[in-house]
Amino acid sequence: MTAIPLGLPGVPVRPIAERRVSRRIQVGPVAVGGGAPVSVQSMTTTRTSDIGATLQQIAELTASGCQIVRVACPTQDDADALPVIARKSQIPVIADIHFQPKYVFAAIEAGCAAVRVNPGNIKQFDDKVKEIAKAAKDHGTPIRIGVNAGSLDRRLLQKYGRATPEALAESALWEASLFEEHDFRDIKISVKHNDPVVMVEAYRQLAAQCDYPLHLGVTEAGPAFQGTIKSAVAFGALLSQGIGDTIRVSLSTPPVEEIKVGIQILESLNLRQRGLEIVSCPSCGRAQVDVYKLAEEVTAGLEGMEVPLRVAVMGCVVNGPGEAREADLGVASGNGKGQIFVKGEVVKTVPESKIVETLIEEAMRIAEQMEKDGASGAPAVTVS
């Protein structure tokens, strides 16, 4: 009997960059900024006035790992639904307000954890800041100043000609200064654009000129594939420089998919402890097994596993054994069979038809032992 240490860290490894120093605000129980972990959020796609459907979608988002959720509030019926939704939601609810300032006050009174305001389209917003600041301060409600390229203040469009990085940053800082005049600084800021290059530069300028926590987002990023690429590029560029305190991946998909992508981005940058990670080769003429099918079946079989486990699925003898040895669990396939590795040690060889079943069984065994040993221990698997 041999005990093989798994080598799985109990804490995240060093992140890609030192975090930008920023203020900390509380969005309900979730800290944002001030060195708090980067949080992942999304937005419901239901009519907020449909309380049951909205709470159901929030429950699905919560189960997927969402930490903060935003709900639209374009009508009085939506505003009337906010108290129940804010009270029954498992995670903090942010009301998203455009056009009508009265809904800002309704959201604050409803007990929402925060309110997003769009200074570019709320009627007479500058004149309402004093009242909004007082109401938010009285209720302890943070405000997100959400500047968006598609609804930029006309004064700035006239000045810059289009939604440039300078225009986005100036808009946000101007509105923040109005709140500051009324001694309100419980603020976070976003400056979103659908072009990742413009968006990245806008956030860089903003980060250099203020210490407010920043909400990262590429607006109208597009369908799943395109939106994922845009968000990964933009967030990676900023988070790798320590810029960003909470993220929302905008996709034209069910919102749960946004959370999956957001979590993967943070894990890839070591800003969150990694969960299950499948490493698989892209396949080539050397492959002696259907790598695509194998990787998909292993991924499906381990879906929902939360332990930090790296599983390598390799299709040939060139890189297969080396990659499998580097993983916590892996298979190197060839000649109709697969060598199963646990932390660099070959524990068994199985027929090709048994590879998926064996990998899933071994992963479950490792996960069970990790849970038994506790998150802070140094788990090991015993093989004979």
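We count from 1, first residue shown onward.
Backbone N, Cα and C define each Cβ position, glycine as well.
According to Swiss-Prot, the feature [4Fe-4S] cluster binding site maps to Cys281, Cys284, Cys316, Glu323, an assignment based on sequence analysis.
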Lowest local Cβ density among Cys284, Cys316, which the record lists as binding-site residues, within 10 Å: Cys284
Cys316 ([4Fe-4S] cluster binding site): secondary structure state under DSSP, collapsed to three categories: coil
Neighbouring C-beta atoms (10 Å sphere around the C-beta of Glu323 ([4Fe-4S] cluster binding site)): 20
Neighbouring C-beta atoms (10 Å sphere around the C-beta of Cys281 ([4Fe-4S] cluster binding site)): 20
